[in-house]
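> Starting off with a structure, shown below.
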């Protein structure tokens, strides 16, 4: 099962969802429950006894039905309660690491049916989610708050480091002093920020409606990440290389592999060797030019396709810009924008 499978389950039991409301009723009452989400022929084969309910789901109804010993079966979107008080008999050949009867049955049923199963422990007062070989215990609100706070601080720190790295890179680009190592270090930081933001997404799903404030903070930190990375990659990879393929390669690296900058250099089309670190490399100019609001994407493409890099673009005369149909107003905005960018970065240092 994939991370997406885990997220799909968490969404169904996140605070604010109808199913979670019913689960909370069950937890507060100090009773347990086993809930199977979805029904098909395979579920019918493992269903023994119980009785047909076939009514609309409400938190109150599932709470009342959980007072009986058997499992509860819901439809795929949890909008209907199909069966209650069911004895579930999954194939015992499926292994389980659980100790309690309810959780052993839940884990085996999830593996057998390839469906989502929710087990609520009356003794430990916790909720465990299963699907296939996937198993995940929901954290309580206090645990989540602590962990989210830690991850959010890490994201803020890494985003700050990335921003400083991009500022330094901008000055190097304008002075024509960029090396392969400078670019690889920045690309490495982009991927680190992306991974931390993906990690916090799972926490936000688990927080559900309680995570609105954190969600706003995360959105503020990463709102321009994709666009900034796209411009950055277009500056340094050759025209035949797809930016998505670079991202896929970086995503395939383990955390420890990502920390080795030699692996990141490969994404830029260089050999996996430190000997290339000091090689000079020039930015085409996408990232810098796209920060100048008066230039359209068409203008940026025209300039980048005409001149080889941002260093050369700074030396182009007004007449040469006019020759490629860049207006005097935009030429002035371009020059002022680059000077303002330099000044702003220097003031922030």
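Cβ coordinates are placed from backbone N, Cα and C, and glycine is handled just like the others.
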> Swiss-Prot records 88, 101, 102, 103, 104, 105 as ATP-binding residues. Which of 70, 132 is assigned to the same site?
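Of the residues offered, the record points to 70.
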> Using DSSP and collapsing to three states, where does residue 102 (ATP binding site) fall: helix, strand or coil?
helix
> Which one of these binding-site residues, 103, 104, has the sparsest Cβ neighbourhood, judged by other Cβ atoms within 10 angstroms?
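Comparing Cβ neighbours within 10 Å for the binding-site residues 103, 104, 104 has the fewest.
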> Taking the recorded ATP site as 70, 88, 101, 102, 103, 104, 105, identify the other residues of that chain whose CB atom sits within 8 Å of the mean position of the site's CB atoms, giving them in sequence order.
34, 71, 100, 106, 109, 119
> Specify the count of other C-beta atoms within 10 Å of the C-beta of residue 70 (ATP binding site).
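Cβ-Cβ neighbours of residue 70 (ATP binding site) within 10 Å number 20.
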> Would you mind pulling the DSSP three-state label for residue 88 (ATP binding site)?
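Reduced to three states, the DSSP call for residue 88 (ATP binding site) is strand.
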> Would you count the other C-beta atoms found within 10 angstroms of the C-beta of residue 102 (ATP binding site) for me?
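There are 20 such Cβ atoms around residue 102 (ATP binding site).
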> Counting other CB atoms within 10 A of each CB, which of the binding-site residues 101, 105 comes out lowest?
101
